[in-house]
Amino acid sequence: MGPTLTSTLLLALGLGTTLTFASSHWFLAWMGLEINTLAILPLMAYYPHPRAVEASLKYLLTQATAASTLLFATTTNAWFTGQWDILHMTHPLPASLFTLALALKIGLAPLHIWLPEVLQGLDLGTGLILSTWQKLAPFALLVQIYPANSTLLIILGLTSTLVGGWGGLNQTQLRKVLAYSSIAHLGWMVLILQFSPALTLLTLFTYFIMTFSTFLVFKLSNATTINALATSWTKAPALTALMPLILLSLGGLPPLSGFMPKWLILQELSKQDLALTATLAALTALLSLYFYLRLSYAMALTMFPNNSTGMPPWRFQTSQTTYPLAVSVIATLGLLPLAPTIMTLLIH
């Protein structure tokens, strides 16, 4: 695939998301989601490997199912209300169908089965796009119809945090671990969506930064399994020392950036008299924290077995640019002190 075609597909990705952002009519929003889906499929099948082709086909079928359900929900809403405007999703039946369709699109549990398998078949670059950029357009629509069905959103959120933590416990493939991490973080976002949309967007933004750092580190280390992380210290010692902090930030440990959204979400849930929901969400976060600790241990505290420990392995100098990684790592580790400023901006 030449640079012209790659640039065209990336521009189409941006066009689809922008079209959904700018739409007030359901048909235009649906069209933007479809442009997004069609643009990423050639990128997913970029490497002619059977796993990549299989992942592309699974993604296509899943997104086609979600898109048809979405179109059916919007048509039903127009039948009930006579409105095609996004903000007029008032009838409970199409609103629930629409929420479930978007949950299937982004991979919320229990509609998450496709996400780990698809992400496992992709390279890390395309997996990064699937885990970050492809979430923007569906979340823009979810934020606009969030008051529709509060019970459904809480069920989806709690199920996602539980499945995301539980499913990642016994994984050895890094891309599957990141897929379950994505499911768990999406659950936190959906959990608070009806009470504080601004806090949902803050959580999404923080998740993007942390996931961007994690994918780039794994790409730089050329690691796809937990065992491969043991050789990272020979390739980038300084980055290997920082990587456990990035993973623990994903787990939500203070004083790292990932603690900020979880802390604010638990605080908001407590204000809404949902102490049981907040307690369950905090307990499921411990499951996710376990496999982040497991990755940290494998990367920073173990050494790959070899016969000559005193001889560093030879390697080619990497040609990958590290400036985006440096910026995202700093943001991943240092956003928590800015929490009061961010909260002030969100309130006003």
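Yeah, the Cβs are placed from backbone N, Cα and C, and that goes for glycine too.
Because the structure is a prediction, the values reported are computed rather than measured.
Feature annotations, courtesy of TrEMBL:
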DOMAIN    23-287  domain 'NADH:quinone oxidoreductase/Mrp antiporter transmembrane'
TRANSMEM  59-80  transmembrane segment
TRANSMEM  92-115  transmembrane segment
TRANSMEM  152-170  transmembrane segment
TRANSMEM  177-195  transmembrane segment
TRANSMEM  201-221  transmembrane segment
TRANSMEM  233-254  transmembrane segment
TRANSMEM  274-293  transmembrane segment
DOMAIN    289-343  domain 'NADH dehydrogenase subunit 2 C-terminal'
TRANSMEM  325-347  transmembrane segment
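Counting same-chain residues at least six beyond the ends of the transmembrane segment (59-80), those with a Cβ under 8 angstroms from any Cβ of the stretch are 26-27, 30, 33-34, 37, 40-41, 44, 88-91, 93-95, 97-98, 100-102, 104-105, 114, 118, 130.
Sequence-distant contacts of the transmembrane segment (274-293) (same chain, at least 6 residues past either end, Cβ-Cβ under 8 Å): 154, 157-158, 161-162, 164-166, 168-169, 171, 177, 180-181, 184, 187-188, 191, 247-248, 250-253, 262, 265-266. In the predicted model, the domain 'NADH dehydrogenase subunit 2 C-terminal' (289-343) has a mean pLDDT of 69.
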